[in-house]
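So that you can see what the record holds, here are the features copied from Swiss-Prot:
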- Gly206, Glu207, Pro208, Gly209, Val210, Gly211, Lys212, Thr213: ATP 1 binding site (BINDING)
- 3-146: domain 'Clp R' (DOMAIN)
- 83-146: region 'Repeat 2' (REGION)
- 765-856: region 'C-terminal' (REGION)
Amino acid sequence: MNIEKFTTKFQEALSERQSLAIGKDNQFIEPVHLLTALLNQQGGSIAPILTASGVNVALLRNELKTELNKLPQVIGNGGDVQLSRQLINLLNLCDKFAQQNQDKFISSELFLFAALEERGTISDILKKCGAKKEQISQAIQHIRGGQNVNDQNAEESRQALEKYTIDLTARAESGKLDPVIGRDEEIRRAIQVLQRRTKNNPVLIGEPGVGKTAIVEGLAQRIVNGEVPEGLKNKRVLSLDMGALIAGAKYRGEFEERLKAVLNELSKEEGRVILFIDEIHTMVGAGKTDGAMDAGNLLKPSLARGELHCVGATTLDEYRQYIEKDAALERRFQKVFVDEPSVEDTIAILRGLKERYEIHHHVDITDPAIVAAATLSHRYISDRQLPDKAIDLIDEAASSIRMEIDSKPEPLDRLERRIIQLKLEQQALQKEEDEASRKRLEMLEKELAEKEREYAELEEVWKSEKATLSGSQHIKQELDTAKTELEQARRAGDLAKMSELQYGRIPDLEKQLEQAETSEGKEMTLLRYRVTDEEIAEVLSKATGIPVSKMMEGEKEKLLRMEDELHKRVIGQEEAVDAVANAIRRSRAGLSDPNRPIGSFLFLGPTGVGKTELCKTLAKFLFDSEDAMVRIDMSEFMEKHSVSRLVGAPPGYVGYEEGGYLTEAVRRRPYSVILLDEVEKAHADVFNILLQVLDDGRLTDGQGRTVDFRNTVVIMTSNLGSDLIQGNKDESYSEMKALVMSVVSQHFRPEFINRIDETVVFHPLGKENIRAIASIQLERLAKRMETRGYELVFTDALLDFIGEVGYDPIYGARPLKRAIQQEIENSLAQQILSGALLPGKVVTIDYANAEVQARQ
């Protein structure tokens, strides 16, 4: 018999039955080998046909296995196997049936016909498992769809819809889809387009995360509930699985063949199916090779004729990039824009989804948590869309509470560690025989017994609290299942089941849930099971670094004493410290304008008076790290073209993909201190970029993304007017500021100066300030030496001397560092290296007899 006359699937089964016979040491390949291979074949026709015709497939597998084990085994035949006479007869019978059906190729389902026709073991097994010729014939006709087998790959293109699509209406019927709240206008618009005679294909366009896929799920739910116009009733919504369609298409034309099979099956459905293609831009160019058609071109004829009801979904950027380029494809779709929902709509959506998340995480989600998720995500997460970002916050906060419930509470964990520690100590003391050890052992055993009793009591409380929680969650799950069953009964018109559920089971479960929640309401000592607005704020703070959680008493105290903290490192400069501290306090108290940066300052003053030091101190105060400061030296932006380095190169230029120096830093750390050092040295065009940062707290980078500056403190430093500050240091602060501002207004444009919150003029440092700074600098030196094992002590005489030597009214505090290096550090280094100073002893550094002396 010519093997080429069989379909590809049948050929695969024939080769599989041979290896099955060899593996079992059978001399002949029997029909039982072939039926086993066909039944186990992935993507084959036999298993679906048998299931559809009411055959017990599990029993059939067992019977075939038993029959295989009965076959005689021949050891040492060198792997030589032959077809049995019975199998040859069955294959010839398959050929005969193929000719009767006018098939060009022999398909695998004909083997079932042949097996039932011919008397023998295989026929008996099939009949025993419930196979009837008429039912199998009907199942074969249904799976063939009235078509002949004219192609060797005919079997692979069958049941294409089952293989390559997901039935959303079936999922909606079984209650597996999340409820869709709101979005009535968009769903109505999509239905309106679907009702058209031709080009009845809406494409949902919107930003990622606004709920495009949810609209199609909402449509599927409405179809299931019968809440659609007559033209859409009883239709199915199928989602095309592009991954399954492309996966495994090895040969040229295989992908097109699969897609064509899907389209053919859809045309047979005669408009009873709505095909949903998520990420529809992937169709453009999918399967495209040299000379081959892509998926988009295969879809065009069906879309234009109205044979294919298709709903697409894609983002604005991808629609522009892929679909708008192909005008012929674009004209076949009707655009439906999906906007981001408002905060109020998002709250309604979250309230609808709340129950699903409560059941999944086994926690309670409070209403303040829902409101906080919508409002806080809208304000602080600017690069993503509602409701997606709000749902993420709820999901993660619920997950963190669930993790706490599942893990051992902290008091229990602490006690357990203490008990282990005491037991180890007990083991060690039991070996000792002196009186002191025995007394210690007695005390220890007493403490151990007390701790173990305490642990047992706490563990009991923990277990009972966990049991209470799991009880209410179990009732919630049962209630959810009952509600789904009620919907299914309503659709099926089963009035008896509806009344049983609606007036019996559901009220009973609701009563049980109320009782369980009442017992939960009693204060729990160990477990937190409620997601509140505080948990939402915590999750947001971890994700963005922005402190939005309620302030602890410690933090309130810290903010009230902020000036004292800043003055520990910044000496003098009362006005500057007050201005910065007030801006931070306004922000944390929630009083600052939400659409502008926390604060924007221009620090003016001579060199070395503490302008940059104040920024570092502020970063350390806010973030416990000086690295949280984004420092940009504006002297690097003296040329006009260097402006692009701040926001990123425009398209077509080198470095376009890298992003901007300023914008990327703020995108990664939205809550930071931005220091623009020596701002007057930058090109005038740089200030045009800063205008929108200072006014609206936003900046668009080279790639068109909007970067949020609303949670940053923008500080610019400048030396403008420093000569006036030096010359008029004895005048009042307001007079000196007026003089300096006249110079500043000549250099900067009025619109730039007008947008700055506060311009702060720094005073020149006096001798007493320099002495205080010397004390701070020497303290840092002492800390550095401490790591090497040396303890440094400085005398007042030394401080006076360093303050005198390091004082320079023109250069501020910077000469002080040089004075410390030359007068102290150089001689210290020599003495340490020579061995004159040894670690572990106090080193006193003094100024006497006109020289600095270090002694131990």
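One is the number of the first residue shown, and numbering goes on along the chain from there.
Cβ atoms here come from the backbone N, Cα and C positions, even for glycine.
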Counting across all protein chains, other CB atoms within 10 angstroms of the CB of Val210 (ATP 1 binding site) number 24
What mean pLDDT score does the region 'Repeat 2' (83-146) have in the model?
77
Please work out the number of neighbouring Cβ atoms within 10 Å of the Cβ of Thr213 (ATP 1 binding site), leaving out its own Cβ.
16
Neighbour count, 10 Å Cβ-Cβ cut-off, for Gly211 (ATP 1 binding site): what number do you get?
28
If you count Cβ atoms within 10 Å of each one, which of the binding-site residues Gly206, Pro208, Gly209 comes out on top?
Gly206
Cβ packing number for Glu207 (ATP 1 binding site), 10 Å threshold
16
Long-range Cβ environment of Lys212 (ATP 1 binding site), under 8 Å and at least 6 residues apart:
Leu204, Ile205, Gly206, Asp278, Ala313, Thr314, Val338
Inside 8 A of the center formed by the CB atoms of Gly206, Glu207, Pro208, Gly209, Val210, Gly211, Lys212, Thr213, which other residues of the chain have their CB, for the recorded ATP 1 site?
Thr315, Val338, Glu340, Gln385, Asp388
